[in-house]
């Protein structure tokens with residue numbers, strides 16, 4: 001039983017500022033790395049290198065934006081890995097995936113902070129990112145490629161290309177799902193979601209990790225206490 005009445009329109013923190021900054025840095029680096037990578041792999045798209053000035057500049061920048069992308073991702077991975085460990089409760093989501101696609105996720109699954117689909121994507125992107133980093137270093141002509149034999153370089157190129165495709169596909173799915181689930185974009189842009197959204201899409205996260213902290217924040221607010229809240233979103237800079 002809740003200690004205090006909580007409106008479904010109450011705003012709660014979904015992603016804090018450091019995570020959102022890292023996420024959008026990752027987005028920028030992803031597109032810069034993707035555009036240059038596609039241009040190198042497919043000659044018909046060589047014009048994409050002109051976005052950064054010249055093909056030479058694009059080739060020089062590509063590995064560095066890739067490394068920045070990797071570290072931005074790793075920060076997020078370390079921040080959220082414990083929320084992405086598969087658990088027995090995820091089986092309900094898998095069995096009810098058709099209902100999930102119909103928009104009835106709340107009727108078949110009791111999700112924590114992330115559902116099974118998000119967890120699968122998380123670990124897929126981890127695999128792709130690590131493979132891209134390792135193979136990219138092997139292929140980096142200016143510094144490292146001369147240390148490796150031609151067969152190793154060929155395998156690295158093949159794995160790099162496959163991992164890039166895996167990453168690109170995963171990001172497309174991520175973008176589509178973010179727009180498909182209304183309210184998700186706001187969570188990563190502004191950092192907050194409503195209690196209604198949390199109850200519908202991630203009810204166990206709301207019950208186990210948010211509710212008690214939210215009650216405390218609201219009680220403090222009612223009693224006139226000021227300061228940093230735990231989960232209650234009070235606006236930027238507050």
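Cβ coordinates are placed from backbone N, Cα and C, and glycine is handled just like the others.
Now, the feature entries from Swiss-Prot:
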BINDING   23, 174  heme b 1 binding site
TRANSMEM  23-43  transmembrane segment
TRANSMEM  60-80  transmembrane segment
BINDING   62, 160  heme b 2 binding site
TRANSMEM  120-140  transmembrane segment
TRANSMEM  155-175  transmembrane segment
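Features recorded in Swiss-Prot, as mapped to the structure shown.
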residue: 23; record: heme b 1 binding site; DSSP class: helix
residue: 62; record: heme b 2 binding site; DSSP class: helix
residue: 160; record: heme b 2 binding site; DSSP class: helix
residue: 174; record: heme b 1 binding site; DSSP class: helix
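Each residue contributes its Cα atom, and for residue 23 (heme b 1 binding site) and residue 62 (heme b 2 binding site) those atoms are 19 Å apart.
In this structure the C-alpha atoms belonging to residue 62 (heme b 2 binding site) and residue 174 (heme b 1 binding site) are separated by 23 Å. The two recorded residues residue 160 (heme b 2 binding site) and residue 174 (heme b 1 binding site) have their Cα atoms spaced 21 Å from each other. Every protein chain considered, the tally of other Cβ atoms within 10 Å of the Cβ of residue 62 (heme b 2 binding site) stands at 22.
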